[in-house]
Amino acid sequence: MANVVVIGAQWGDEGKGKITDLLSRSADVVVRYQGGVNAGHTIVVDDKVLKLHLIPSGILYKNTSCLIGSGTVVDPKILLKEIDMLIDNGIDISGLKISSTSHVTMPYHRILDEAMEADRGSNKIGTTGRGIGPTYADKSQRNGIRIRDLLNNERLKDVIEIPLREKNGLLEKIYGIKPLKLEDILEEYLDYGERLSKHVVDCTRTIHAASKNKKNILFEGAQGTLLDLDHGTYPFVTSSNPISGGACIGAGVGPTLIDRVIGVAKAYTTRVGEGPFPTELQGSINDQLCDRGSEFGTTTGRRRRCGWFDGVIGKYAVSVNGLDCLAVTKLDVLDELDEIQVCIAYDLDGEEIDYFPTNSDDLKKCKPIFKKLKGWQCSTADCRKLSDLPQNAMNYLRFLAELMEVPIAIVSLGANRDQTIVIEDPIHGPKRALLR
């Protein structure tokens, strides 16, 4: 038995969906532990492109249970659309479970999210506008609606009256937006509750029962390390904790239950939305990475900002997550480049530093110090084992592993499942040094 956490080691969009899908073959239970519909992952199965925001990738495997944990925030409208999409594609969703204590994104959360972002003007933080921040804010203020509340008419009416009155006051008086009607929300969300009721469980008890029965549990994070509310580039962050420690809180397990943490990182770096990005590229190479990597957000459709691999944030991710190994994705995107650069340190006000400054004002001033490596200028898309890779591609991977001081377990070379080199299965393989 092995319990593994999969986290993003950059600013999200690292390809966690594919890696989680790959590892789900060996997992009995997959748990999504934080975030909401602001995250998205794309999975390609038999030439079908499936885009999911809430449901774990493991849903594609018939014998794998998939839990949406207590640390998530659930938009039931979008969740039901995902369920319907999976059913239409012939996928069995009987293994889907939703924590009764997950908080619910309400219509006023989405409206307020968009209104507050518009009100920030030039100081916008790049929110997806999906209501995630306001939902987590209500959770912290103990004013939120939970999944269990959607299952009872009187309960929902009782818990929604005060927050709705407060939100309508904000909508009318601050933003000049028409207030929402209690009756309309009750009717809509009670219907959602009825449709979801058969999937609702005590998430923590379910996970601990699986652990007691020696099941393999995979904890799936959303977003990435640098978007963590406490350890990311605040305020340009999400409203939850994507780092590995968030798995314990969001799933309701102790740290001793976790056997291994695997970080997912692109062979280059991307960021969507606002905030400092030291290795960001401009011009033709940026366009090439964006086009070859199809760098457009699954959730927003926004074009992602692209840059060279940043070893400073990589080492930071290793530290705050306690990474045991790494999955490097989209190596094939670099195939046509004759030269590739990797950031090995920053210049901050004339001083060379090799640590990540979590103060966004300092990070804005950081200038990357690069190491240049030779490209391989041939396709890696059909490589299925390390020995198939061009020598310069191997050199590049070894350099990343040495820089981050963590072994590489998986290399992804395209969107399809089979475009992957698995050096070691992080669930079933022995815990040992791999590609260094």
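Note that Cβ sites are derived from N, Cα and C of the backbone, with glycine treated the same way.
As recorded in Swiss-Prot, the features of this protein are as follows:
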type	residues	note
ACT_SITE	Asp13	active site, proton acceptor
ACT_SITE	His41	active site, proton donor
BINDING	12-18, 40-42, Arg304, 330-332, 412-414	GTP binding site
BINDING	Asp13, Glu14, Gly15, Lys16, Asn38, Ala39, Gly40, His41, Thr128, Arg142, Gln223, Thr238, Arg302	IMP binding site
BINDING	Asp13, Gly40	Mg(2+) binding site
BINDING	Thr298, Thr299, Thr300, Gly301, Arg302, Arg303, Arg304	substrate binding site
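Structural mapping of features recorded in Swiss-Prot.
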residue: Asp13; record: active site, proton acceptor; DSSP (3 states): coil
residue: Lys18; record: GTP binding site; DSSP (3 states): helix
residue: Asn38; record: IMP binding site; DSSP (3 states): coil
residue: Thr128; record: IMP binding site; DSSP (3 states): coil
residue: Gly301; record: substrate binding site; DSSP (3 states): coil
residue: Leu413; record: GTP binding site; DSSP (3 states): coil
Point to revise | Maximal Cα-Cα distance (Å) across residues annotated as binding IMP, namely Asp13, Glu14, Gly15, Lys16, Asn38, Ala39, Gly40, His41, Thr128, Arg142, Gln223, Thr238, Arg302 | key: 34
Check your understanding: Long-range same-chain neighbours of Arg304 (substrate binding site), Cβ under 8 Å, sequence gap at least 6?
Key -> Asp13, Thr270, Arg271, Val272, Cys290, Glu295, Phe296, Gly297
Study note, to complete from the structure: Within the same chain, the residues at least 6 apart in sequence whose Cβ is under 8 angstroms from that of Leu413 (GTP binding site) are Leu331, Asp332, Thr380, Ala381, Asp382, Cys383, Gln419, Thr420, Ile421
Exercise for review: Pick out which of the binding-site residues Lys18, Arg302, Arg303 has the most other Cβ atoms within 10 Å of its own Cβ.
Suggested key: Lys18
Check your understanding: At the Cα level, what's the spacing in Å between Gly12 (GTP binding site) and Gly40 (IMP binding site), rounded?
Key -> 10
Study note, to complete from the structure: Three-class DSSP assignment, Gln223 (IMP binding site), comes back as coil
Point to revise | Surrounding CB atoms that lie within 10 Å of the CB of Gly40 (IMP binding site), all protein chains | key: 19
Practice item. Looking only at C-alpha atoms, tell me how far Asn38 (IMP binding site) is from Gly15 (GTP binding site), rounded to the nearest Å. Key: 15
Point to revise | Rounded Cα-Cα span from His41 (active site, proton donor) to Gly15 (GTP binding site), Å | key: 7
**Study point:** Those binding-site residues, out of Lys18, Thr128, Gly301, Arg302, Arg303, that come within 10 angstroms of His41 (active site, proton donor) at the Cα
**Key:** Lys18
Study note, to complete from the structure: Its Cβ having more other Cβ atoms within 10 Å than any other among the binding-site residues Asn38, Thr42, Thr128, the winner is Asn38
